[in-house]
């Protein structure tokens, strides 16, 4: 029994949905299908979800919504017509849009309900199309599937009771087509997951039905050892562990939203990343345990947008609580930190830039000055973080050497090294303008 | 104008004190002399300060103290007789011992007063001896010198008002011989500095009198780039910066107590480490600014006795305040941390073992379990930390590579790397049984 999740590009057009149909038809084990909202058909196109967000904003501002509804329906109509499925599905979609617009929900509740229509419609269309292909498919609403979530609009967390209900879905003969991205609170209110939500739904369903495999169909053949925008035709990763995937995703790898794997991870369901456009390619398997035959380092991930808050004070190490108080000031200002390397008389805190407004920064600096009385305080923008990822690297001799040699050969000075907590990765901080150079040098070192 | 401080081995015997006399006589700029208590004369000998601590313990327990007083006085008598100085100094020392024993001070106050007698007596003897050598020397009590400290027994901090008084000492024609290790609270109570206290006194006097040079006489020709117990005849350091010295001292370098330099550092007084037994050797200069001609890495320091508290929890990075709360639990249990490297789902806290009792450890673990609900928690003993020290290393390409290559060549896996906050050092954590091997490999890499 397999759960197959199809991303936005896989359901962006009738042509793509036909590929989905043939993938489903090819393997009778694919009993659960989870779909995203239709994505971009071409560069410059707009995703359905973004149109729905625009619709929500118009409604919020009490502006005319009809032209936006028309624009959205036009996309769905095209798909439905080209797939030659029953047009009743279009009525159903349009009814959902209008009833949501006219509901007495407000604010984030309404936003969630409108945003979810992309996935919901996609599931309705795909199930209808599968029927035309002679498959016993049916649309299953997440509430009927049993996806019960916390009441956190836009940031739903699955509740444990979901899994029992989902497990009963194993009994069904038909192929269940479930929209991704949302579930229902106990109150019955529709709530969306955070970004990457369809992956989360797929992962929850796979865990719930105890699938043998969770297939995640995207538009790439596999995960690559490094960002293909930086290295042309990089090596493919055939197998990696959950932990490796999580570390890679965290640092801007982008194939998966990094938390999407949690339910599958906890249920020990293997995951396969595959390509809707090239389903015969074997893809990338994500498993629990490292295969001892595979090499130690599986990938290099990187991200920009970090700042370094640096504080120094002579005899800092004699002041019990200094580090804790520094982190508490940040916490009270609503800023989370990534890493906090410390010296004897100094401490750095690596923060994601997007958490800092000019006002917050000023608050933080003033509070640190007055509460901690440091000698030096500075915020340095323009950091990039690079992660070299591989389970077992902690016990492997020479990984740190190989990595640092790559930086040295590219003549890049390393501003920060963070190794010691994660058993799966070592992290380097450098100036962001050197990032591509560093990635290339690391790639040459580990994969060429 | 120079301040010359002589350590315990320099005043351990009449023979050594004669060397001190000739050092003082050689240079009329040496107007301020700070002395430690007589140290060990030979391996297995007992330091005077340790005898005084034993005396304090006897007194505390209301046991007979006379035999210990006799033992202490015997040491002083030998020195005084061999130096052929006036025996009135012995009466003065014995009077001090008895009046302290019979004082109504209790607890730590009495302990401080008794412990200080080693340095105090040493200063009395040295000043008398200098007089016999035709030098215009006089014993100056720290209170008369103006060394005013916080009221923290055994852990005195100098108060800023000391410096004004000390500065007036410049006017004196005579050579002032000042006992190290203690000062006086505003109340007039004698209070000792933390360990390494004579170095602190020397440093305070140098800052106060605005000395041109603070000479710290020990029993080694210089600071070495690495512990001479690990590497035979290692290279000497001719010059290093305050910051470098501080980082080296912190990690078990041991020539200096790491905080002893602060007053001299803040007053920008250059420091010279010299050898009483070989005063013509140029020693090691400690200065404010790095000499651009000297090499980047100046030394390798190391210390054992660290533990790694490891905590992991899936989605830890989404919990704002997790790291802060972990540090707060440690703080509330009175445990300070050295470093706290963190991964995405995990955090390590490096702690000095000597802070952990079985009971504290249990408390900490139980609190973390109940308050933070982690998936994994463990404490791993047996860590050693190695520091590669050198100002400017942050901007130098290849230091990290050279260091990590040294570990790889010695086949040692690196458990932790901490780089990024200190501009002066990079720190490596390894298993302690590999420490000597690691130091040797690093020494070969950077200094051979």
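Including glycine, each Cβ sits where the backbone N, Cα and C put it.
The shown structure was predicted, so the numbers you read here are calculated from the model rather than taken from an experiment.
Now, the feature entries from TrEMBL:
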BINDING   A:5, A:6, A:7, A:8, A:218, A:219, A:224, A:229  ATP binding site
COILED    A:48-75  coiled coil
BINDING   A:49, A:119  substrate binding site
DOMAIN    A:388-448  domain 'ACT'
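Sequence features annotated in TrEMBL and their locations in the structure.
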{"residue": "A:5", "record": "ATP binding site", "Cβ contacts under 8 Å, 6 or more apart": "A:33, A:34, A:35, A:36, A:180, A:198, A:199, A:201, A:202, A:214, A:215, A:216, A:217"}
{"residue": "A:6", "record": "ATP binding site", "Cβ contacts under 8 Å, 6 or more apart": "A:20, A:33, A:34, A:35, A:36, A:126, A:217, A:276"}
{"residue": "A:7", "record": "ATP binding site", "Cβ contacts under 8 Å, 6 or more apart": "A:36, A:39, A:198, A:199, A:216, A:217, A:218, A:219, A:276"}
{"residue": "A:8", "record": "ATP binding site", "Cβ contacts under 8 Å, 6 or more apart": "A:36, A:37, A:38, A:39, A:40, A:47, A:49, A:198"}
{"residue": "A:119", "record": "substrate binding site", "Cβ contacts under 8 Å, 6 or more apart": "A:35, A:36, A:37, A:179, A:180, A:181, A:182, A:198"}
{"residue": "A:224", "record": "ATP binding site", "Cβ contacts under 8 Å, 6 or more apart": "A:231, A:234, A:235, A:236, A:237, A:299"}
{"residue": "A:229", "record": "ATP binding site", "Cβ contacts under 8 Å, 6 or more apart": "none"}
Cβ-based isolation winner (fewest other Cβ atoms within 10 Å) among the binding-site residues A:49, A:218, A:219: A:219
Among the ATP-binding set A:5, A:6, A:7, A:8, A:218, A:219, A:224, A:229, as the record gives it, the longest Cα-Cα distance in Å: 25
For the domain 'ACT' (A:388-448), residues assigned helix / strand / coil by DSSP: 27 helix, 13 strand, 21 coil
Residue A:218 (ATP binding site) in three-state DSSP notation: strand
For residue A:7 (ATP binding site), the three-state class that DSSP assigns: coil
